[in-house]
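Below: the structure, in structure tokens.
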Amino acid sequence: MSTHDGQGYWAANIRLVTWLLVVWAICSYGFGILLRDALDAMVPFGGVGLGFWFAQQGSIFVFLALIAIYAKKMAQIDADFGVRED
Amino acid sequence: MDLTTLTYIFVGGSFALYFGIAIWAKAGTTGEFYAAGRGVHPVANGMATAADWMSAASFISMAGLISFMGYDASIFLMGWTGGYVLLALLLAPYLRKFGKYTVPEFVGDRFYSTSARVTAVVCLIVASVTYVIGQVKGIGVAFSRFLEVDFVTGLWIGMAIVAVYAILGGMKGVTYTQIAQYCVLISAYTVPAVFISLNLTGTPVPQVGLFSGTEDGTPMLAKLNQVITDLGFAEYTAQKGGTMNIIFYTFSLMIGTAGLPHVIIRFFTVPKVRDARASAGWALVFIALLYTTAPAVGAMARLNLMNAIQTGEVGSPDGNLAYAERPDWFKNWEATGLLKFEDKNGDGKIQYYNDKNKEFAAKAEAWGWKGNEMVKVDRDIMVLANPEVAQLPNWVIALVAAGGLAAALSTAAGLLLAISSAVSHDLLKSTFMPEISEKQELMAARIAMAAAILLAGYLGMNPPGFAAQTVALAFGLAASSIFPVLMMGIFSKKMNNKGAIAGMTTGIVSTLVYIFTYKGWFFIPGTNMLANTPANHLFGISPEAFGTVGAILNFAVAFIVMNMTEPVPEEIEHMVEDIRIPKGAGAAQDH
């Protein structure tokens, strides 16, 4: 494999990971902590609201989705750049 | 059948299962002992990782912590799950591609330095030993409570069981017992939760029940807030700690999770790089089952407990439970010392309220209350007493016993494996006695395991200082030392040996010093230089949250030193390029 391919593969990987980590940070530190009160006021339910839900349940579900998306997208990127394992 | 017999059947049955697996999964090579021959299915590895990860603390103590901390306990919920995203996206696939057996081995090869490797071994041992002390204590407590033996006997029974399958089977034996242990612990956790949620909210799914209404239509959490604020406690769903500390604490747990060696080495056991990615996802699926149930258990158990004691209107003479009429579970847990009542005003009734809330205490005094009479409510009973409070059948209580023991055993075994393989593989085989044969190394690994078990048992009996709180600190230590060095090893081609060593040393030393400043040197009480209160903390950051700062210092020092010293050799840059590409990960790389 040429170095050029390697760089392209790595750049695609970094792009994907960056986006996923942005979502990761927004859902946990954003929705669950910093914006918690605002979200609770905006979408109240269950005696509290969306902010509390994100802090104790929602962020965990988002984490699960992020890893699933990562595994799936990376498999695609592996194939696109011809670096997939046999 | 009576409870004791049922407990022995459930616990005995689960132990027989673990022993059976130990004999079946005996390790014949170092590859099997360190990495289970790299033939573990990603879903199976995910399950084993979940058991490895969820300790007695997660199983027994976490719901109780949530019960009393309310919203602030989100630190643990997000911190201990969010780390898996970092592990999956940033570390696991690359370390699997590297294809060796231990974390220090990666550090040593990537930073072309035996000193870097030994520094990593020291960091690994400091973090893992800190962690294992808490686990061994947990084993002692769990065994003594469930099998009705004393703490020391319980501790050594537990260690003997771990010894059988960990020494025989190494990673292979540990992996397959952890899968069995996961099944036991998750059913033990969810079955009572389902019943409690049904009783309180009418829905069998605890995650939904947490946000549902109770019989009279008021949301469960609103009712809980009402009940506890009526008694002078802080609102359950309100934030109590400083935002800065919450963020730093959560981040420290997240990067600590990603940097804990006993979790990382689990990803060396799967066949391929893409399996490592998927396996981290599966691990989180299995962990999330417990972690999303825990907040429901915490809130519901708190409400049940408060309602059991404050039976009527607050302040009215017959609003409180009479001590003579207390239910059986109350008596049972009083006998263990986890609940303690003291009739301060001599009225024969139980007043459980927050007497530290001055405004409320004044009101309470007018009613003839003379202080909080529940002088001890151990947070662990929130899980342990759950089935009894909810009046579930005896087999559920027996199942919870087997589950608690499974959780304690699985984590201790995983940690002991990380410690012993660092000793036999990194110190002995690669540094001090490279001439030993594979057979001799396998024997050395078994001896190292036996020694680690004896040492851990000894430390569990005589913990240096206060060991219960050391679990959270272990994350800070891993966060400040191991996570940054792995990140730089993968994501920076330029990071050199001197930078890595300086960074690791700075990270772990600064974090240790900060912890010791507030908790006492080597946790010896009375030797702390400052009182452990938020007012004394640097920028309000507690010792448990300092791992984040340690990690930042680690990165900063590493980059400064790197720029002042000679650059990395070219072959190392090629090695990093190779790690970044999945192709060619080889099923088993013996060396």
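Placed from the backbone N, Cα and C atoms, the Cβ positions cover glycine too.
Residues annotated as transmembrane segment in TrEMBL: B:6-25, B:75-95, B:116-134, B:146-167, B:179-200, B:246-268, B:280-301, B:395-423, B:443-460, B:466-487, B:499-518, B:538-561.
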Sequence gap of 6 or more, Cβ distance under 8 Å, 3 or more pairs: do the transmembrane segment (B:179-200) and the transmembrane segment (B:6-25) meet that?
yes
When you scan the chain for residues with a C-beta under 8 Å from the transmembrane segment (B:146-167), skipping those not six or more beyond its ends, what do you find?
4, 7, 11, 15, 18-19, 21-22, 25, 136-137, 139-140, 173-174, 177, 401, 404-405, 408-409, 412-413, 416-417, 446, 449-450, 453, 456-457, 460-461
Any residues 6+ beyond the ends of the transmembrane segment (B:246-268) with a Cβ under 8 Å from its own?
34-35, 38, 45, 48-49, 52-53, 72, 74-76, 78-80, 82-84, 86-87, 90-92, 95-96, 99-103, 124, 127-128, 131, 171, 175, 239, 276, 279-280, 283, 411, 414-415, 417-418, 421-422, 472, 474-479, 481-484, 486, 541-542, 544-549, 551
Where among B:6-25, B:75-95, B:395-423, B:499-518 do we find the most Cβ pairs under 8 Å to the transmembrane segment (B:443-460)?
B:395-423
Other parts of the chain folded back onto the transmembrane segment (B:395-423), taken as Cβ under 8 Å at six or more residues beyond its ends:
3, 6-7, 9-11, 13-14, 18, 33-34, 51-56, 58-60, 101-104, 121, 124-125, 128-129, 131-132, 135-136, 138-139, 142-143, 146, 158-159, 161-162, 165-166, 170-171, 174, 177-178, 180-182, 184-189, 191-192, 195, 261-263, 265-266, 383-384, 386-388, 445, 448-449, 451-453, 456
Contact yes or no, the transmembrane segment (B:280-301) and the transmembrane segment (B:75-95), 3+ Cβ pairs under 8 Å, gap 6+:
yes
